[in-house]
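Notes for the one structure printed next.
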Amino acid sequence: MLSILPLAYSNFSRILQYFEQLPVVDKMTEEILKQGVGIVETSLTFEPPFCESFERISIDNFPIFALGKEISKEDGIEAMKKYVTSRFWFTYRRDFSPIGGTGPSTDQGWGCMLRCAQMLLGEVLLRRHIGRHFEWDIEKTSEIYEKILQMFFDEKDALYSIHQIAQMGVTEGKEVSKWFGPNTAAQVMKKLTIFDDWSNIAVHVALDNILVKEDAITMATSYPSEDAVKLIMENGLVDKNRLSLSPGNIIPEWRPLLLMIPLRLGLTTINPCYLSAIQEFFKIPQCVGIIGGRPNHALYFVGMSGSKLFYLDPHYCRPKTESTAKMYAEKDSTATTDDVGFSHLEELVPLPSQTADVYTKMDDSTYHCQMMLWIEYENVDPSLALAMFCETRDEFENLCETLQKTTLPASQPPMFEFLQRRPKYLPKFEPYTGVSMKIEMKEFDDIGAANVKIDDDFEVLDVHTEEEDADEDNDDDVANA
């Protein structure tokens, strides 16, 4: 067994296949066979995805605050476990369609921050469409819940899939399969939400440790321009179901705002002076967590008790979940196989739970973690991003007041600077409203047609020698005479 240890970092799936061929001779082999690649990774890399289980946690400091929810000693640790389990848990997956057609078919080893971004965004969508502090019921789900979950499936046509996030990262200078930092993840979320008409969320990323209230308001009241790039389906057509969000299309003045604040709270280790401020942050009703982790080991932080931060860990690899849309199409002989691009996000695809006479409930158990994990504050990487979600303008005003009166004064120096207006020394704030560069392919449809002279649309430049120019001048003189 020790002879295969050097292979651990290169190919976990081969190790798993090796063990599957062995008889169960001891407890460790049995555990590996049960947990698969995840346990092999845990045992051999010393970066266990589950460093502490619920049963081993001793909580001395109550109340616990999780994403703005207070859990008292009377509620007990079980209430916290249930709350953590109700959050979306997106982890490494394997065997999905190659990203970009020829790219990786698993995100194991590089996609942890992308998965944390998915978990954060999943929490935002739950609040947007269902409400705060969603409680998951393993026996029952709603259509809205399933629609949200579909948006994160590991498929190229799911809006918040690993495929879309990885490819959008290229616009931020990150090649596919390269590790993201918190700021890159925030920027990618800002760009992807532009295409989510259903949620209509604005994302503001505050840079340089400065939150300017005026800028956040501008972002929340801006809409993608009419000439912004539209989603292009694989057949080359613009998806007509997903037109731009313009003031003429949407009446409300305020778009629900996801506020992201990337920070670096120390050089190589997190500064102890910010502990109280982080504790206060998790008390804020608008808190939707922190994406950060350990160096090159991203985690999604959802709560805090004393110096312990509770988190969801994406470092657990599973096979790709079978698409419920594909399951339905295979069973329904009338289902079309045409590529519909992103339109299925607007027109809900029938899911198993909605066709109970034929199907059983969709198995979403792998998207919810049954264990509660924690890390000491001192072990957290100083590079992280705070996230807050304001459904209404009133919630945003309340958040600003809380930040100024409670959260920021809790540490000296404060975690970041809060300003009412943009300083004159900073360039003008330009809200991101999509890329204003839409090419109409029909303009090129007539190229090559028999009745089209391409040269007619261009100025023809002839190159003459000096002798030819002189001859032409003489000819002109003769003609004029």
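Here the Cβ of each residue, glycine as well, is placed from N, Cα and C on the backbone.
Features as listed in Swiss-Prot:
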- Cys112: active site, nucleophile (ACT_SITE)
- Asp313: active site (ACT_SITE)
- His315: active site (ACT_SITE)
- 462-481: region 'Disordered' (REGION)
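According to its DSSP assignment, His315 (active site) is coil. The Cβ of the residue listed as 'active site, nucleophile' has 24 other Cβ atoms within 10 Å, all protein chains considered.
The residue listed as 'active site, nucleophile' carries a helical DSSP state (H, G or I). In this structure, the CA atom of Asp313 (active site) is 8 Å away from the CA atom of the residue listed as 'active site, nucleophile'. Taking the Cα atom of each, Cys112 (active site, nucleophile) and His315 (active site) are about 7 angstrom apart.
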